[in-house]
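Trainee: One structure follows; several queries about it will come next.
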Amino acid sequence: MSECNPYYEDAAWSYYRYEPSVAANVVFVALFGATTAVHIVQMWRSKAWYLSALVVGGLAEVIGYVGRVLGAMEDPGCWTLGPFVMQACLILVGPAFMAASIYMILGRIILLTEGEHHALIKRRWLTKLFVTGDVISLLTQSAGAGIMPISADMMEIGEYIVIVGLFVQIAFFGGFLVVASVFHWRMRKAPTAKSTEPAVRWQAYLSTLYVSGILIWVRSLFRAIEYIDGNDGPLMRDEIYVFTLDGMLILIVMVYMNWFHPSEIGLLLRGEQPFQNGFQLLLPRRAKKQQNTLESTSSDNEMVSRPFYNK
């Protein structure tokens, strides 16, 4: 049992400075649970194992918001350490796992388009560099968040460590977006033969990286500012900031990547039939086969009915 502090809003340090909402956090548990479950099926069906870090990030969000639900069910000012650490650590580091998968996707886009000569960093070093930075960021944030609840002195040290980890993540993600943008610009200026194939939707894949990357970058910037302001800062005094500048942004990343699922790149690299959107991976295999047959038949009929003109 923790000691209750009825003056938690003005205390020197408090787990929360507001009453967490049970209902709102349950909604986030359900939404993250649903999108993560879809990602697990999509990864399994497409054998896109490099997206396992994305799935781990989704599971971290689910468990983190379960921690917030448990905390919200406790009496205000009587919060206990376990649920707080559970949500503070897992919601903080979840997006770092997602970033690792996003870094790996760019390397596969470069391989698919045969455009390594357009990349600022060679493909074999690209993933290693950014994933290493991501691991450093992940470990730093985890260490900082883990020691914060120990004591008032450790709280301040932990906040500084988390801030360092967040800025490492911001720096590496910013650099990654620059590398992706330069590759995009060079490829548009001098496209490779592979990139002009209709099935290779490389610009759509890069758009997925931009949307996901920018949202995670903005979320990390919010978290850095939140920790710089300190435990009694304005961003710590209202739960709406957690929902809008963290939870919703990361949820959009997960759902967006359900739809524009990057496993299509792996299918093309293996010479397999791509799909129109990621949710087709949820169809039963027989239904998928019938759908592909119908699409192929429709395409053939269109070619037959199309008039032929001699030049």
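Cβ atoms here come from the backbone N, Cα and C positions, even for glycine.
What TrEMBL records for 22-41, 48-72, 84-106, 126-148, 160-183, 204-220, 240-260 is transmembrane segment. Taken from TrEMBL, the feature compositional bias 'Polar residues' applies to 291-302. According to TrEMBL, the region 'Disordered' annotation covers 291-311.
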Trainee: At an 8 Å Cβ cut-off, counting only pairs 6 or more apart in sequence, do the transmembrane segment (240-260) and the transmembrane segment (22-41) clear the bar of 3 or more pairs?
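Mentor: The answer is yes, given that the two segments have at least 3 Cβ pairs within the 8 Å cut-off.
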Trainee: Honestly, do the transmembrane segment (84-106) and the transmembrane segment (204-220) touch, with at least three Cβ pairs under 8 Å and pairs 6 or more apart in sequence?
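Mentor: Contact between the transmembrane segment (204-220) and the transmembrane segment (84-106): present, because at least 3 Cβ pairs are under 8 Å.
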Trainee: Which bits of the chain, at least 6 residues beyond where the transmembrane segment (204-220) starts or stops, bring a Cβ under 8 A of a Cβ in it?
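Mentor: For the transmembrane segment (204-220), the nonlocal Cβ contacts are 95, 98-99, 102, 105-106, 109, 166, 169-170, 173-174, 176-177, 180, 183-184, 245-246, 249-250, 252-253, 256-257, 260, 262, 264-265.
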